[in-house]
């Protein structure tokens, strides 16, 4: 993922280089790749003048004349040359007016969009793709039994080695993924365990339950770290740890509760650092942003932005007409995985880990501050720029019932939302434009989760199935039946090799390729 | 103070007599013996009235005792974890009906193969042919008697066309045809007015099944698509079986219990 930072930074540098060497280079490429092809056809091949543009709107290189039957692979060669990615070619996706070039320019763009002319200069937007590819999960490799009540939450550790599940039988279980066997059963809660959160270095596991308590566990030994952290007067709805690059010790986390308060805890001294009690109704969702802000969404229809060190209210984002159900940040994935990339290698030292985490965060964030999307009971979503603006960037309408869950893709370019109207909808992560509706579930969709390469997503639904969707074709990729009842939670491992799901039938299922 | 409440007025003015409390206490203590003597002595209509009164008192008393016991039991079992855990995002959406998905398809299939159902009404009253059918006399001299009219409610499918009268052996009267049933889901404890798809089995006889006769104990197939039940494969369940629990010919409606 560290490569991606170079990709996004490069267009600026490429556009500032003088034009002369670029032209030479282009002539070189034309002879190499495109020209022989045109000769073989032996007809005067149609040419079109194109201009490359990065996702941020910067132009890359001069306008180039290429044959119309150019394929994405050839465009990839060209753009890699232009951006001088000499050591290793990067994969890119190419778009003209938000339509992707899949087979060739003439097939996908010129024939489908009649208002475009080959006489004009076409602007081709290129977007870097993940260097690795996650294979779609297709089969159930293990059904892990053990819970005696519904599984309410599943969560992979940031390095993808362990899996934790929270259940209505008051236990948190930690599972060994290498052998698909239970490793520890963490007993302590006296009522349903509702939420789980791994610290971004994977050394601690926090769980919150119906018994109004937060508990901390050591996932390496399965031992409880002290007793219950008490303070909330109603059940815990969400937990969030401080991002790794801000605090590599992983000592602070926040918990949101039905009683309308948010508490920030010190995991070492085991006490409340701050209590935020300005929401007038239950707090339903919580995010700790990489820019050092805390975002809370509540049933009082507002989203509030806090300074987590002083507990000061920074902004109140209003607009929704009903409860806020879910919040998502464009940088959620890197904040969750901290210093671990898709290879899940553990950095040697804490300083190196923090540096890696910061690099990954900055790569994912790009030049703009992180965006926030909120899903609500009023059937809409709002896209916010909470750092700069109190007004929403866009209002995302289209769902016909309440939106239960929303998630940004790991690269921050797409938003997926799960609604009770049986549909999953895809949106552009930068502008909030509607992209596609994914239909196929016959019951309410509860959760949506992206694969780490942003090419696939998995959804968990009331209709007892999970489904894997392909972003490129915008269609169902794999149907995963097998659960005997509603699926409450699903999670894709950060390494991308496994999906875990759990639901009302008390079984935890591991899905693999 | 109204004029007729002279006793209260007197008490107010002069107070009660000094041994009032003692007298009351003794009276209360003696009351049981007095009641008992009365109960042993009384007979006839008065005994009937007394027994009725005593019975009501006893019921009331037992109810109160039970209530108190339940209260104490509640305090004891305060820390018991409730069933039916739901994730945090569904906690505030109580009241929405949550139908249970078919528990096990394999079990379901096996049951179907054996043709045996654990039904709520395992036994039915036998209905003889002469109760079920009315003989219709036909022919110019009304001498032939091969035609029958079904006297019980029936289900007739959508695609049914009557045969020509000459060949029609069984008449199913229009007035006794039903297309919908009130079906109760035993776990949701809710009733739905659902269209009938067909008659699966009438326990009386295969002939009645064929004719679609709806009597008490008949297993019918109903269209449950609006309930939103799904199979483990994630498909919407369309038809499910239900057993009729009332006597439709008496009630003018069909009540059934879904077989889950």
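Yeah, the Cβs are placed from backbone N, Cα and C, and that goes for glycine too.
Keep in mind it's a predicted model, so treat the numbers as computed, not measured.
Residue counts for the domain 'NLE' (A:48-106) under DSSP, helix first, then strand, then coil, are 13 helix, 23 strand, 23 coil. What TrEMBL records for A:48-106 is domain 'NLE'.
The feature region 'Disordered' is assigned by TrEMBL to A:1-21.
Proximity of distant same-chain residues to the repeat 'WD' (A:144-185), defined by a Cβ-Cβ separation under 8 Å and at least 6 residues beyond the stretch ends, is recorded for 191-202, 205, 207, 209, 215, 217, 219, 221-222, 336-338, 340, 344, 346, 488-495, 497-498, 500-510. Under the heading repeat 'WD', TrEMBL lists A:144-185 (among others).
Per TrEMBL, repeat 'WD' is recorded for A:186-227 (among others). Listed as Cβ neighbours of the repeat 'WD' (A:186-227) (distance under 8 Å, sequence separation of 6 or more from its ends, same chain) are residues 149, 152-159, 161-162, 164-168, 170-174, 233-241, 243-244, 248, 250, 253, 255, 257, 265, 267, 270, 335-340, 353, 357.
What TrEMBL records for A:229-275 (among others) is repeat 'WD'.
Taking H, G and I as helix, E and B as strand and the rest as coil, DSSP gives the repeat 'WD' (A:276-316) the counts 0 helix, 22 strand, 19 coil. Positions annotated as repeat 'WD' by TrEMBL: A:276-316 (among others).
Taking Cβ pairs closer than 8 Å, the repeat 'WD' (A:396-437) reaches residues 4, 55, 98, 127, 130, 322, 325-334, 364-366, 371, 373-383, 443-454, 457, 459, 461, 463, 469, 471, 474 in its own chain, all 6 or more past its ends. Per TrEMBL, the feature repeat 'WD' maps to A:396-437 (among others).
For the repeat 'WD' (A:438-479), same-chain residues at least 6 beyond its ends with a Cβ under 8 Å from one of its own Cβ atoms are 100, 102, 129-130, 132-134, 136-138, 333, 342, 401, 404-411, 413-414, 416-426, 485-492, 494-496, 499, 501, 503, 505, 511. Annotation source TrEMBL lists repeat 'WD' at A:438-479 (among others).
Packing against the repeat 'WD' (A:480-513) from elsewhere in the chain are residues 132, 134-156, 158-160, 163, 165, 167, 175, 177, 180, 333, 336-337, 340, 342-344, 443, 446-447, 449-453, 458-468: each is 6 or more residues past its ends and has a CB under 8 Å from a CB in it. If you look up TrEMBL, you'll see A:480-513 (among others) marked as repeat 'WD'.
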Secondary structure content of the repeat 'WD' (A:438-479), with strand meaning DSSP E or B: 0 helix, 24 strand, 18 coil
